[in-house]
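What follows is one structure encoded as structure tokens, with my remarks underneath.
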């Protein structure tokens, strides 16, 4: 019986499971950093319509999470399992839709609808992959320690996936010099419109084929990695039906549980703080490529600067894990997130300098690592606090995590939509070698002033967050006492039953 209760997962099984988390991070990072500049400068979509595509796609991505979760809960068991069929059937269609996002159709009308349809289709299909994959944690073993170990493998591979997505997309696209159009103001005031018209005709004949091909090659490489990771997951991990048996808790109403969760003060304060933090870093992520290209003038270096951000984030995650265990999670929030503020200010105040830009990129990566790690580290503390306040209510863990993801994705859609719309109002010039002063000022606001303001606001909200290190330890001890009391009560009942028999 002891041997059966301890289901040890091999290192190979844990690695195969962890690899399944890479496709979501690789594609998400490539889209997050490059889709905006691709739509504006390569596909030449008007900035207003590009903002609609980015906003609608991210909001739809947020909506599909609870929808897919609901349909998965209604899925019957098959010989492949209950979750694996979703992963199997969504993968090929996800690859096709992802490739078509980076394809420029030869149509005069309907281009906006093309990108909107395939962007939303890909977000739906990757959700059909990632939601069952996330739930697969509960179906690979009955042992909590084995699940935790597999999750640690997964987080490591997912962070590496963000670096891989940035490196593949950036290095392939960055090798190609995208032709640009000089500003008409350089041709004089009297004949600027004529010069601009002649220049547009010249550059329209000068094809963007190489740049477009580079984006499609990058999409093909990432699509191949998506398929490879899915195959490793399917061949190396077995979904175990017996692991899915629920405890003897009474079933809970979804809406009743949602009401309880949303009325829990620490959860609202935590999620509000990280929403503003996420919005700050999403604005930085979505606009940094344009900022490096136009405002700083590093057109041929932006992909390396983005890679520096993600490498810095990857390498500093172990440091933040040590820091939060040594000094507490609230202290880690204050230090980690605020550390980017002086560097974000310096990058717009100082003259354009490549060395300073790389320093800022590394510093931003350090803060990105803290923002990536801390929410997932602090959410379990909120759930423990909720359990102590509602000891008779069970099974709400999924609500805490799913709605945090929902709000984060919704915020990402808002940030991308607003930033691209702001560039349109500022007079963004598609394929311009340079941009008007208003556009450069807007980019400075989007990557410096606005993120700094949002970070400061989030720090004020974290000040109201009630679960400090002392409270966390008290909650941990109280929960352990409740478990011990429950176990002793269960053993007493078993002894009584044995004596009766």
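Keep in mind that glycine also has a Cβ here, set from the backbone N, Cα and C atoms.
Feature annotation from TrEMBL assigns compositional bias 'Basic and acidic residues' to 476-486. Sequence-distant contacts of the compositional bias 'Basic and acidic residues' (476-486) (same chain, at least 6 residues past either end, Cβ-Cβ under 8 Å): 384, 387-388, 391.
What TrEMBL records for 476-501 is region 'Disordered'.
Per TrEMBL, the feature transmembrane segment maps to 15-35 (among others). Beyond the transmembrane segment (15-35), the same-chain residues lying 6 or more positions past its ends with a Cβ under 8 Å from any Cβ of the stretch are 9, 54, 87, 98, 101, 119, 122, 126, 129-130, 133, 136, 140, 150, 153-162, 164-166, 168-170, 173, 215, 218, 222, 225-226, 229-230, 232-233, 235-237, 282, 285-286, 288-289, 306, 310, 412.
The transmembrane segment annotation in TrEMBL covers 83-104 (among others). Tertiary proximity for the transmembrane segment (83-104) is limited to same-chain residues at least six positions away from its ends with a CB under 8 Å from its CB atoms, namely 20, 27, 31, 35, 38, 42-43, 68, 72, 75, 114-115, 118-119, 121-122, 125-126, 128-129, 131-133, 135-136, 139, 208, 212, 215-216, 218-220, 222-223, 226-227, 230, 233-234, 239.
Sequence-remote contacts of a segment are chain residues at least 6 beyond its ends whose Cβ falls under 8 Å from one of its Cβ atoms, and for the transmembrane segment (116-140) they are 9, 13, 17, 20-21, 23-24, 27-28, 35, 52-53, 56-58, 60-61, 64-65, 68-69, 72, 81-84, 86-87, 89-91, 93-94, 97-98, 100-101, 146-147, 150-151, 154, 230, 233, 237-241, 243-244. What TrEMBL records for 116-140 (among others) is transmembrane segment.
Under the heading transmembrane segment, TrEMBL lists 214-237 (among others).
TrEMBL lists 267-284 (among others) with the feature transmembrane segment.
Remote same-chain residues near the transmembrane segment (304-324) are listed as 29, 33, 159-160, 162-163, 166-167, 170-171, 174, 288-289, 292, 298, 331-332, 335-336, 357-358, 361-366, 368-370, 372-374, 377 (criterion: CB distance under 8 Å, separation of at least six residues from the stretch ends). Per TrEMBL, transmembrane segment is recorded for 304-324 (among others).
The transmembrane segment annotation in TrEMBL covers 331-349 (among others).
If you look up TrEMBL, you'll see 355-377 (among others) marked as transmembrane segment.
Within its own chain, the transmembrane segment (398-421) is flanked in space by residues 32, 36, 40, 47-48, 50-52, 54-59, 61-62, 65-66, 69, 254, 257-258, 261, 267, 271, 274-275, 278-279, 282-283, 286-287, 375, 379, 382-383, 386, 446, which lie at least six positions past its ends and keep a Cβ under 8 Å from the stretch. Feature annotation from TrEMBL assigns transmembrane segment to 398-421 (among others).
Long-range contacts of the transmembrane segment (441-465) within its own chain (CB-CB distance under 8 A, at least 6 residues past either end) are made by residues 266, 269-270, 272-277, 279-281, 283-284, 287-288, 290-291, 294-295, 330, 333-334, 337-338, 340-341, 344-345, 347-348, 419, 422-423, 426, 435. Taken from TrEMBL, the feature transmembrane segment covers 441-465 (among others).
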Recorded stretches the transmembrane segment (355-377) and the transmembrane segment (214-237) touching, at least 3 CB pairs under 8 Å: no
